[in-house]
Amino acid sequence: MGSFLRSFRRDVGSSTPSVGATPAKKEPLALPITPLEKMLQEMGSDSVRQDGSDKFFGMENYGNTCYCNSILQCLYYSVPFREAVLNYPTRTPIESLEAALAKNLRYQNFAANQEAEAQAEKQRLANAQRPGAPPAQPPKPEDKDSSEYKKKIALQSLPLLETKNNAGSYGMSESLFTSLKDIFESVVASQSRIGIVRPQHFLDVLRRENEMFRSAMHQDAHEFLNLVLNEVVANVEAEAMKQPIPSLPPADTTDSSRQSISSGSKTPNTTRWVHELFEGTLTSETQCLTCENVSQRDEIFLDLSVDLEQHSSVTSCLRKFSAEEMLCERNKFHCDNCGGLQEAEKRMKIKRLPRILALHLKRFKYTEDLQRLQKLFHRVVYPYHLRLFNTTDDAEDPDRLYELYAVVVHIGGGPYHGHYVSIIKTQDRGWLLFDDEMVEPVDKNYVRNFFGDKPGLACAYVLFYQETTLEAVLKEQEMENMNASAADANEAAVKPNGFPQPAGLAHVHSASQIPVQDEPQRHTGLRRAPTAPQLPTHTEYPGPDIEPSSPAVATPPPVPPIPETANRPLSPKKSDIQSKKERAKEEKERKAAEKEMEKQRRKEQEARVKENQRREEAELKAALEASKASKADEDRRNPTENGKDGDPKRSSNGLSRLKRGSKSFSQRLGKDKESRASSSGLPSVPSAEPLTPNPVPLEPVQQLSPRKASPPKESHVVHKPLGQDDEPDALKSPKGDRAGHGKWRSFSIRKKSFSILS
């Protein structure tokens, strides 16, 4: 393309003679080379692709049509979508396209445009010098680095491609789809690789069929994308209804049918290609909390709109999109199984993944306080490669891998004004910035500038992901590393101050000249990069204009240069990859060590807990044994009166003695009364009958002394120690405690019997 443009410029310069002009005046009118042309020249632009993937045309902005330009560029550089548009219903014959391009493609005369602009400026100044005219403001110098200046130069120098209605050549009636197809076919068939498309015909059809786009107001790019896809589906299905269903070709004519597609003949009227590319299926799962019945409902989508949160990512936004939602109060769910409104849980999952995933970041939110839409400047990180996790269990190809190929950026403070641009990844030329008429190459890291936290009010609004494979990703990374290695090797051959480096020291940089990468994950890798070691602050190789402060020292003869291949500088990217692998390995080992330490710590803690439990159980058992022993000792020393806690045999013996003691005491009283009666001459009183049915032989009871016969104050028996003088007979008695207890019990019964008799 560069050779074509150079020949075109030479023809333009020779065909525009200027009367009385000198060659010196033509120097300022030289056409400046654009960054895109420079990139194409460096990468080799002699071979032109037939599929149109290496055509880079801007689009003219008719007021507020940047929303249309950005979306059309993203759709054009989607290879499957572009091929489907070109092939339905047939490809336009080459002769018809060439005839249309001969009328619609117009090459401009940059020198003539510059001269016309200069004449207009002179006329303006002359009008300002007339008497009575207001003083003219001095013209401001143009900023040649601004996008407005670049767009102006592009409009004056690049070929202009105007599209007309060409629907009759492929047998369709005019519609939004046919106007889109005309743009794609004109760009693909153009012999020029760069230029500017004038989509006036497309905008006319759009405004004719949709009233909302007829005004000059600022429009939403996402709404326009949704409208274009739905209109394309409607136009294609309407056209398919008009045509008869074609019969399937024989199996041996498959190759010939493929050739007929490229030559411009009819293709099978498959109307599902838009659905196969952009359409996905969402499944709404609702579980009733009363009966736990789960109901599912499928929904079709052409793009996913996700809510945003501050300092989040696309993955977290998708996780929130599929989070469970409680349906309660006024939003209760009508359960068919229960037959009424019930509380339920609802969540959204993806059942079928699209081949091209359009993610709409909802940056415009309606606020109740302001009663209008407000733009959200939240930082939302989006990756180059994406895998969706919020899929159903029966999803088709749930592990599909996506790569980012286009970003639509909104620049502005609100939804009602601003500007749209698109950043698109091409097949062989890297990333390009499409800003209406201007097309410029950008670095891959340039895409990271639109997360939402950068100054300038520029935020990513629509993300386009297309399916890819892991092999393609690895191959692309390998190519990027090779290109970066070659570029770094070229830069290392010349010092930044312009002096050539010594041949054997091409890999040495000063401490202030360490190359810094823009990508954040590469900063830590520079510590291990062999291409940039830390050097002392003094200068080892001063330039020719630097005089040493100390006396000159004789230097040895110069060492012969070492071949460059022997000391070829290592690529920073390769060193970065190695350092990343080492860091990943160290991180993995560190995590494994931490995990092992945590596991050991848990084991020690569990062992301490078990030991404490065993010690507590042993202490409790010892306490119980000691309590039992003390209880037995206490029972042995202090037996109870009623015999409940004492020996039952001893208790029964005590009762028998009481019975015997009571009878003997009553008999003795009866005998005394008889003796007194006989002496006094009174009649004898019969003795009381014993209470027990079986009489027990009486035992003689020893006569108690008056001191011992005094009754105790308390009704219960008080046991005194054996060492006291009150019970000398108990120590001498062979029966021990039993005899003693018998005495005291018989004494208490005597007291009671005595009171009864008296």
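In case you wondered, yes, glycine gets a Cβ from its N, Cα and C as well.
According to Swiss-Prot:
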- 1-27: region 'Disordered' (REGION)
- C66: active site, nucleophile (ACT_SITE)
- 116-148: region 'Disordered' (REGION)
- 243-268: region 'Disordered' (REGION)
- H419: active site, proton acceptor (ACT_SITE)
- 514-744: region 'Disordered' (REGION)
- 573-631: coiled coil (COILED)
- 573-650: compositional bias 'Basic and acidic residues' (COMPBIAS)
- 729-740: compositional bias 'Basic and acidic residues' (COMPBIAS)
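This prediction places the mean pLDDT of the coiled coil (573-631) at 84. Across the active-site residues listed here (C66, H419), the residue whose Cβ sits among the most other Cβ atoms within 10 Å is C66. H419 (active site, proton acceptor) and C66 (active site, nucleophile) have their C-alpha atoms 7 Å apart, to the nearest angstrom.
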